[in-house]
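Let me begin by presenting the structure, written as structure tokens, before commenting on it.
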Amino acid sequence: MKGFWNSKSTIRITLSFIFLFISQFSDVLAAPTRHLCRPEQKDALLKFKTEFEIGKPCRYCTVYCIEPHPKTESWGNNNSDCCNWEGVTCNAKSGEVIELDLSCSYLHGRFHSNSSIRNLHFLTTLDLSFNDFKGQIMSSIENLSHLTYLDLSFNHFSGQVPSSIGNLSHLTFLDLYCNQFSGQVPSSIGNLSHLTTLELSFNRFFGQFPSSIGGLSHLTTLNLFVNNFLGQIPSSIGNLSNLTSLYLCKNNFSGQIPSFIGNLSQLTRLDLSSNNFFGEIPGWLWTLPNLFYVNLSYNTFIGFQRPNKPEPSMGHLLGSNNNFTGKIPSFICELRSLETLDLSDNNFSGLIPRCMGNLKSNLSHLNLRQNNLSGGLPKHIFEILRSLDVGHNQLVGKLPRSLRFFSTLEVLNVESNRINDTFPFWLTSLPKLQVLVLRSNAFHGPIHEASFLKLRIIDISHNHFNGTLPSDYFVKWSAMSSLGTDEDRSNANYMGSVYYQDSMVLMNKGVESELIRILTIYTALDFSGNKFEGEIPKSIGLLKELLVLNLSNNAFTGHIPSSMGKLTALESLDVSQNKLYGEIPQEIGNLSFLSCMNFSHNQLAGLVPGGQQFLTQPCSSFEDNLGLFGSTLEEDCRDIHTPASHQQYKTPETEEEDEEVISWIAAAIGFIPGIVLGLTIGYILVFYKPEWFIKTFGRNNCRRRSTTTTH
């Protein structure tokens, strides 16, 4: 009986759980059908919808938005409950709209002071980012006192931020990034005591930043970069004990690095670049326990104070374009977690410190270009480097053969040094090498046996390379050969990392251009200023991804290969200052992206290809050739060209053939009189006076011969 009651009790408990589950589940199922939306909230949303147009995606949508689409387009269509509209969230009990997320919604138009958004009094979250809104929005939202999250980034909002911004006292997140806000930041910003993130970058703010910022004790992120703030950093920033990120770059802040930054013990990222800071870098900066990223570039700092004991947390140190002098400071070798070191464009001298071998476990990007460093490249100190740039120094010797073991190396730039070596064909073993720059050194010899599978940019110009290039030379240059899809191009990234991006200088379209960032789809080949001879390899036509091709200032001969017409992505072509002859291949006229070309100072002749690209070239691109002609050249370049209709032009091949013909004609012309003269003389010798002939011709010749023999 006891077992029966136990069993009955168990059943009762089980049924109770089932009933409870069903009742809860039915509530869940019924919830979407409940009409929560309050009428005045619905009206405000519908009016807001009519205030703006749905247009094209904003310029940044395709990059930053996951699924951009017009969210307001479906509002009101067969659904009267605004709480179920896309981008709208309501309070489950009261039906008040508390969140409005219209980011990436293709919305276009100008905000006015009476915008219906001001009637959504209970909003806590408002996200209008990644649209094309214009005008002044602040007067429309200054009374939304419940807001905790406000994101207006990536729009075209303008005007000043009013002092009434301080009324939004519950804000924890304020993002005005990438707009056109102007004027001074009001001191009432200090009333936002709950704020954790303040993002004002990429606007037109100016003047001194308000010292009231020191009252935001919860602030973790302060981003002010790309504005026109000036003066010294407010000392009250030293009170922000929770601050982890401080970005002040590209303003007009000035002075020395203030000591109160040493109070920011939680700081992980500090960017002071592109301002007017000066003096020495204080030693205490390297003792901040959590500091991971420091950017001091583009200021006028002159040196480093040595720290007592640097913290090992430092991962990225960028100090380019300052006035640093002397040797590279040795304390850098103690930053064992360093992944990026950029000290380019300074006045450092001496050797590259061997102690940098301490960094080999983590260092992936090293940039020391544009200094006065001397000696050779150290061996065996960089194991996992992805990019090495030591261009524009005074380095000597040879490339260390240990480079062939740098299996992660993607970029190698040693341009404008005094390196005296043969072509490093052994670098073909590097599986990830994409950029190789050897220009302006003393490299010499042939460059055969080179096949690079990943190489996309190679610049070996202005060296002493020589010899011929086999016809199949470029067959194995895979990265320049495979045509990328439109999707590949749209998804192209820049070489480098989040904290550092590779750069280089390249001759493009006749101008020395600096690539501040290198796209992963950019391709270029520059062999100019060497002593290459023979024909241009026909396999050049396999490099269908090539954008820039420069073979100028060599001794190439023969015809320009028609296979160049297959370089469908080509934008710049320079084959000037060679010994090329024949016609410019008509196929080149079909290259629709080719905007700059130079065929000058060769022995080219014949009809210049048609096509709009050729019509827009300057006369200097064709000057000093044997006889190029075409309607444009005859009309616009008469000073350097004679129309072919008035003159017959000959290539070196036809000149040789003509010389042969002329020689045969001359021989024939001389042959007939010779026969006549010979017969006449013979007739005289036989029938008339042989004594006279001997007297006239024979004795003088014999006398001369005997005189020569005697002597």
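Placement of Cβ uses the backbone N, Cα and C atoms for every residue, glycine included.
Sequence annotations record features per position, and here Swiss-Prot assigns signal peptide to 1-30 based on sequence analysis. Residues annotated as topological domain 'Extracellular' in Swiss-Prot: 31-666. Annotation source Swiss-Prot lists N-linked glycosylation site at N114, N143, N191, N239, N252, N263, N362, N372, N420, N550, N590, N598 (among others), citing sequence analysis. Residues or ranges marked as repeat 'LRR 2' in Swiss-Prot: 144-168. Per Swiss-Prot, repeat 'LRR 3' is recorded for 170-192, and the stated evidence type is sequence analysis. Annotation source Swiss-Prot lists repeat 'LRR 6' at 241-266. The feature repeat 'LRR 8' is assigned by Swiss-Prot to 289-316, with sequence analysis given as support. According to Swiss-Prot, the repeat 'LRR 9' annotation covers 317-334. Annotated repeat 'LRR 10' per Swiss-Prot: 335-358, in sequence order. Per Swiss-Prot, the feature repeat 'LRR 12' maps to 386-406. Here Swiss-Prot flags 431-452 as repeat 'LRR 14', drawing on sequence analysis. Per Swiss-Prot, the feature repeat 'LRR 16' maps to 519-543; the stated evidence is sequence analysis. If you look up Swiss-Prot, you'll see 544-567 marked as repeat 'LRR 17'. Taken from Swiss-Prot, the feature repeat 'LRR 18' applies to 568-591. Summarising the annotation, Swiss-Prot assigns repeat 'LRR 19' to 593-616. Sequence annotations record features per position, and here Swiss-Prot assigns transmembrane segment to 667-687. Among the features that Swiss-Prot reports, topological domain 'Cytoplasmic' is placed at 688-711, with the record citing sequence analysis.
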Identify, among the glycosylation sites N239, N263, N550, the residue whose Cβ has the fewest other Cβ atoms within 10 Å in this structure.
N263
Just to be sure I understand, if DSSP states are collapsed into helix, strand and coil, how many residues of the repeat 'LRR 19' (593-616) fall in each?
4 helix, 8 strand, 12 coil
In contact by Cβ distance (the repeat 'LRR 3' (170-192), the repeat 'LRR 6' (241-266); 3 or more pairs under 8 Å):
no
Please classify the secondary structure at N590 (N-linked glycosylation site) using three-state DSSP.
helix
As a test of the contact definition, list every same-chain residue at least 6 positions from N590 (N-linked glycosylation site) whose Cβ is closer than 8 Å to its Cβ.
G565, G611
When DSSP is mapped onto helix/strand/coil, what comes out for N143 (N-linked glycosylation site)?
coil
Average the pLDDT scores across the repeat 'LRR 3' (170-192) and report the rounded value.
97
If you count the other Cβ atoms within 10 Å of each Cβ, which of the glycosylation sites N191, N598 comes out on top?
N598
Nearest-integer angstrom distance between the alpha carbons (Cα) of N252 (N-linked glycosylation site) and N372 (N-linked glycosylation site):
29
Would you mind reading off the Cα separation of N263 (N-linked glycosylation site) from N143 (N-linked glycosylation site), to the nearest angstrom?
36
Recorded stretch, among 170-192, 386-406, 544-567, maximising Cβ pairs under 8 Å relative to the repeat 'LRR 19' (593-616):
544-567
Just to be sure I understand the packing, how many Cβ atoms besides its own are within 10 Å of the Cβ of N362 (N-linked glycosylation site)?
15
